[in-house]
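Asks: Before anything else, here's the structure in question.
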Amino acid sequence: LILNTKNLLHIEDGAFRNLPRLKYLSICNTGIRHFPDLTQISSLEAHFILELCDNLRMTTIPQNAFQGMNNESLTLKLYKNGFEDIHSHAFNGTKLNQLILKDNKNLRRIHNDALRGATGPDVLDISSTALESLPSYGLEAIQILNATSSYSLKRLPPLDKFSSLLEAVLTYPSHCCAFRNLRTEKKNALLSIFDNFSKECESTMRKPPNEIYYRDDSYNTSPWLAGKNTYPFATDEETSPYSYSAIFDDSEMTSFDFEYDFCHPKILTCTPEPDAFNPCEDILGYSFLRVLIWFINILAIAGNFIVLLVLVTSHYKLTVPRFLMCNLSFADFCMGLYLLLIASVDAQTSGQYYNHAIDWQTGSGCSTAGFFTVFASELSVYTLTVITIERWHTITYAMQLDRKLRLRHAVPIMLGGWMFSIVIAVLPLLGVSSYMKVSICLPMDIETGLSQAYILLVLVLNVVAFVVICVCYVKIYIAVQNPELVAAHKDTKVAKRMAILIFTDFTCMAPISFFAISAAFKVPLITVTNSKILLVLFYPVNSCANPFLYAIFTKAFRRDFFLLMSKLGCCKSRAELYRMNYFSAYTSNCKNGNSATAPSKASQALLLFSALEK
């Protein structure tokens with residue numbers, strides 16, 4: 001034991017030479033700067049234990065560092081040191097039983113060939129290290145892997161590297177998805193061949209152990225055989241439909257035990273197990289959602305971009321309704337960007353999301369997607385509420401031009417909406433709830449009281465907005481049907497269309513609000529897997545439909561669109577036709593006694609959706 005010697009800075013080569021009876025060597029809490037020479041110990045003991053700990057100045061493990069220590073089983077306890085790097089062939093020439101590297105806080109790299117030339121280890125402990133990856137060679141013998149608190153280890157090697165793994169204690173639940181019910185590839189092949197022999201297992205369990213199987217030395221490659229009968233492992237491919245020779249190597253079958261390996265197959269255990277927020281599935285979970293989300297996000301992005309382009313470049317005066325429509329289109333465009341991010345990452349990680357979950361959910365990509373969706377959702381709800389209030393105000397005070405909502409009023413109102421939406425979207429980035437909780441990057445973290453209050457506030461505000469919209473449209477219905485206002489039939493028709501559009505938007509959001517409020521009170525009524533159906537089928541549908549229902553399908557938009565195209569040298573005749581129709585309608589309106597300064601109730605109340613009139 002060489003312990004607590006801070007002034008010991010160096011151990012000369014050959015200091016440990018020819019120690020055949022040495023079983024245990026401990027060098028802890030010293031000032032040694034370089035890895036000591038241990039290659040000349042030449043212990044003859046059946047099992048040798050080396051302990052190096054708390055040597056904070058020792059930064060590397062060189063090549064062949066343990067070669068020559070012992071020809072039999074070796075346990076290396078190399079913990080709480082200053083190791084930063086383990087070189088190629090570091091464990092060459094050893095038969096490792098356990099390799100303990102825990103609590104090396106600065107250990108960031110194990111060379112891919114560090115275990116080359118070594119047998120084992122059976123146990124590997126890399127907990128509380130800064131490792132970002134495991135070596136690609138030498139993992140086949142590992143039966144127990146401990147990687148707790150290894151937060152930098154976000155990806156695992158291919159699963160076929162862990163052919164002997166029986167127990168894994170990891171940092172992230174998503175990694176256990178890779179090992180769920182994992183057996184080695186050849187054990188699975190065995191089960192698929194002998195799935196009809198369950199009764200044979202039952203019969204073998206009733207026999208005394210010495211009467212079940214014995215080794216038939218006349219076959220160097222034979223399995224455990226029941227007497228001289230080759231059943232159920234016939235070696236003659238011509239007479240047996242269950243030949244194993246095409247699947248197993250000879251050396252592998254010599255160690256196979258029918259009762260133990262087939263009747264009691266080993267199943268890997270892994271902790272921590274995936275929780276309800278992160279089940280073992282890809283981001284979208286269902287295959288049909290992968291198709292739908294691309295269809296919806298392309299429509300949302302393309303539709304809203306076209307609406308924004310046409311409205312912004314239109315030569316007509318920017319009115320309040322046009323201004324509000326621009327804000328709504330931008331919000332829905334951001335929702336399309338969120339869907340595009342989710343769909344793209346899902347396509348890239350399909351089938352192996354467990355290996356990308358940590359990078360995605362803790363990285364900037366998920367935070368960006370979460371910001372987009374919350375900002376877009378809140379700005380869209382806010383804008384729809386303002387549009388409805390503006391319609392109600394216009395129809396109520398149609399003849400009082402001094403009370404008309406002007407652009408100078410609408411700009412600060414929408415500026416307030418932008419600031420509110422940005423604040424709500426930024427709060428999860430500052431620790432109030434979190435976008436990292438689930439793969440779809442929604443703020444579902446309600447662990448703290450502040451996070452729970454945040455979620456409830458957002459949901460309650462959305463419900464209040466829905467109530468305000470409903471009340472406004474009730475008043476609009478009453479107003480346009482009042483005989484004293486001499487309401488035209490077309491006023492009622494268009495108002496009803498407007499109500500259907502807005503009400504449909506919030507009806508689509510109703511199931512999301514219902515299930516979200518129940519989850520916020522920690523009484524979830526739906527799983528995260530099923531909530532992804534709501535995410536794709538309900539949550540973004542409005543962003544996809546709004547540009548078409550509010551703009552693209554209207555006459556006013558088609559007019560502006562063809563006028564824009566005429567500026568680019570296309571559709572000039574169609575644009576001229578729309579121009580003539582517009583001026584013809586304006587002249588007819590003037591002849592009927594309706595001046596521009598005293599607009600009719602219909603045109604004033606339904607300015608935003610006048611193009612819906614046939």
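Heads up, the Cβ atoms here are built off N, Cα and C, so glycines get one too.
Copied straight from TrEMBL:
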DOMAIN    303-550  domain 'G-protein coupled receptors family 1 profile'
TRANSMEM  291-312  transmembrane segment
TRANSMEM  324-345  transmembrane segment
TRANSMEM  369-389  transmembrane segment
TRANSMEM  410-433  transmembrane segment
TRANSMEM  453-478  transmembrane segment
TRANSMEM  499-521  transmembrane segment
TRANSMEM  533-553  transmembrane segment
Asks: Within this structure, do the transmembrane segment (453-478) and the transmembrane segment (324-345) have 3 or more Cβ pairs under 8 angstroms, counting pairs 6 or more apart in sequence?
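Replies: Not in contact, no.
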Asks: For the transmembrane segment (291-312), which partner among 369-389, 410-433, 453-478, 533-553 gives the most CB pairs under 8 Å?
Replies: 533-553
Asks: Cβ under 8 Å, sequence separation of at least 6 from the ends of the transmembrane segment (369-389): give me the contacting residues as numbers and ranges.
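Replies: Counting only partners 6 or more residues beyond its ends, the transmembrane segment (369-389) has Cβ contacts under 8 Å with 321, 324-325, 327-328, 330-335, 337-338, 341-342, 410, 413-414, 417-418, 420-422, 424-426, 428-429, 435, 441-443, 458, 461-462, 465, 468-469, 472-473, 502, 505-506, 509, 539, 542-543, 546, 608.
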Asks: The domain 'G-protein coupled receptors family 1 profile' (303-550): mean pLDDT?
Replies: 81
